[in-house]
């Protein structure tokens with residue numbers, strides 16, 4: 001017990017011995033752009049508006065966190081840990097630890113837990129050395145951000161446990177222009193006995209004692225990405241996925257903010273795991289008020305054995321800092337992902353307006369039906385026609401969701417001569433009154449198999465299964481085990497054959513169920529590594545194909561998928577009112593350029609709601625990939641007459657959506673008049689999306705203040721005169737709406 005003043009003083013001295021006194025900077029190595037400054041004792045990463053500092057305690061070799069926030073220079077004020085007043089004190093748990101290991105007196109959740117062959121889970125990871133690398137190495141087998149030596153600098157800190165011969169390398173890559181620090185960790189077995197990694201975080205940070213709040217994205221099928229903001233309480237709180245994919249339930253995104261932080265003001269820290277598998281986000285406020293945030297593998301889905309010389313690499317975690325509120329945080333993510341994550345040539349290229357056959361026809365079609373739909377699509381001005389589920393399966397034809405998955409050959413009853421004649425006929429059609437040929441796209445779900453399929457009958461061992469336990473069906477299908485190289489090769493070969501057979505310029509890659517009955521905890525990560533190999537091989541082999549990710553909507557809307565697929569279907573819910581919430585929630589981390597959004601028929605297939613076509617179109621064109629999800633023959637004549645104009649408007653705004661900055665002016669959770677402003681990359685153009693959700697009877701409409709404009713410049717506002725940026729931001733503008741579900745799209749031009 002530390003009941004006496006003498007014992008309290010001794011305890012305080014012990015704390016300082018473990019974690020040192022205040023830090024000072026540096027007789028040091030400095031990168032050419034000053035982004036990394038290090039001397040082996042103290043480390044600093046510097047962006048345009050961010051500083052990240054940590055140090056080594058020279059007595060123990062522990063890494064201690066000092067600062068992650070606004071830019072700082074020079075020496076740091078000498079802080080101290082919590083005083084050891086009366087009572088039992090867990091020493092390590094009272095200080096800010098940069099990469100907390102397990103079993104040495106820190107009883108908060110660790111960043112790493114490793115079981116040795118003897119059963120021990122204690123690690124004593126001490127600082128050994130560091131290296132500074134211009135640019136950024138890729139992660140083996142995993143998606144990762146990229147950049148040149150001018151864009152990014154990487155610091156690698158090497159830790160070592162002398163007792164177990166376990167090495168951990170911590171990687172910090174800073175993109176100064178984006179105030180972004182990307183972290184990952186390697187665990188290497190340098191000993192002779194096997195070890196098992198049971199927990200590993202890509203990112204960990206201990207915030208100082210402050211009142212903080214956390215923001216996450218929760219949901220389920222058809223209601224993804226609902227923003228949730230709550231106070232960080234004492235104790236452990238967090239979320240994650242154990243479904244085998246990032247999932248609709250929780251996105252691998254976290255923001256930490258102050259209670260006073262708003263969209264446009266205050267500090268915000270954002271974290272996003274570049275991973276598509278099961279994950280864990282943990283936030284723990286310890287007894288001393290320090291808040292620990294960790295993102296990484298889900299420990300319940302990880303038991304990774306390492307033999308001598310073997311290494312486990314964690315996914316990357318992107319962290320950004322903004323002093324310009326939650327909106328500033330989002331814009332940093334958007335810019336970074338557009339320029340340094342998405343590798344597709346389509347990352348910032350105009351996306352063709354498309355029509356997808358699903359909600360128009362579902363499974364009920366044949367060659368003539370599809371051609372008729374393509375003809376009507378082209379007449380409206382659509383430039384890409386997509387044939388969704390139902391085109392494949394020979395012995396087990398895909399006429400419902402009961403059969404066919406896994407057999408990627410055209411259904412001979414529907415397409416007796418294969419797809420080639422259909423594709424040739426469709427791609428001869430002209431979009432609207434233009435000379436542009438209609439393009440052809442296809443839906444696939446290659447990671448699945450129906451029990452009613454030739455593939456399953458020939459290879460029942462290829463699906464996920466746990467011995468003799470029943471194989472649980474979901475949507476009448478099973479998951480192929482992409483941990484198996486032969487399964488990966490099969491998928492690569494089948495999709496290659498399809499794309500080589502016809503002029504297919506777009507692929508929608510779906511994934512419609514969770515993973516059950518996995519054979520081992522490590523299988524989840526092995527699956528994801530296999531999936532990334534498939535994605536990388538096919539997107540490299542077919543760089544001119546526009547790939548779109550999907551998982552029953554936004555179930556895999558994560559940075560891992562974005563590296564390979566430049567756009568993702570945001571939600572199966574196409575109801576325009578709900579889509580505003582879903583799309584603005586998704587935009588907390590992900591660029592609107594990556595969102596697939598479609599104008600669908602009414603009453604809406606998911607909600608039964610009827611909303612005017614103009615409102616539906618305006619909501620959909622806020623996504624980078626605008627499309628239609630309907631049968632034009634079923635439209636009312638007045639609706640059909642409006643669609644070509646909406647397609648033309650979507651094409652006009654698309655370049656700004658793809659490369660510009662997004663400002664969420666009002667949120668649908670907080671206002672009857674949500675509004676979003678997009679400003680072009682050069683600042684010369686802007687487009688405002690402004691909505692009225694419910695009726696506004698006998699009451700004034702509020703003024704709307706814009707953001708992000710040049711206060712000294714003058715802007716013309718869609719035929720309503722010219723005004724200074726200062727006037728538009730400080731006074732605002734006001735519009736009259738006619739009814740519920742009314743909307744406006746307003747263009748601004750800098751003069």
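Backbone N, Cα and C atoms are what each Cβ position is placed from, and that goes for glycine too.
Copied over from Swiss-Prot:
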- 510: active site, nucleophile (ACT_SITE)
- 572: active site, proton donor (ACT_SITE)
- 49: N-linked glycosylation site (CARBOHYD)
- 57: N-linked glycosylation site (CARBOHYD)
- 162: N-linked glycosylation site (CARBOHYD)
- 186: N-linked glycosylation site (CARBOHYD)
- 194: N-linked glycosylation site (CARBOHYD)
- 366: N-linked glycosylation site (CARBOHYD)
- 433: N-linked glycosylation site (CARBOHYD)
- 452: N-linked glycosylation site (CARBOHYD)
- 500: N-linked glycosylation site (CARBOHYD)
- 720: N-linked glycosylation site (CARBOHYD)
- 1-27: signal peptide (SIGNAL)
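Shown on the structure are the features that Swiss-Prot records.
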residue	record	Cβ contacts under 8 Å, 6 or more apart
162	N-linked glycosylation site	124, 126
186	N-linked glycosylation site	167, 168, 169, 171, 311, 312, 313, 314
366	N-linked glycosylation site	413, 414, 415
433	N-linked glycosylation site	none
452	N-linked glycosylation site	396, 402, 403, 404
500	N-linked glycosylation site	none
510	active site, nucleophile	389, 443, 444, 445, 550, 551, 552
572	active site, proton donor	221, 222, 552, 553, 606
720	N-linked glycosylation site	733
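Ranked by how many other Cβ atoms sit within 10 Å of their Cβ, the glycosylation sites 49, 57, 194 place 194 at the bottom. The DSSP secondary structure for residue 186 (N-linked glycosylation site) is strand. Between the alpha carbons (Cα) of residue 194 (N-linked glycosylation site) and residue 57 (N-linked glycosylation site) lies a span of roughly 30 Å. A Cα-Cα distance of 27 Å separates residue 49 (N-linked glycosylation site) from residue 57 (N-linked glycosylation site).
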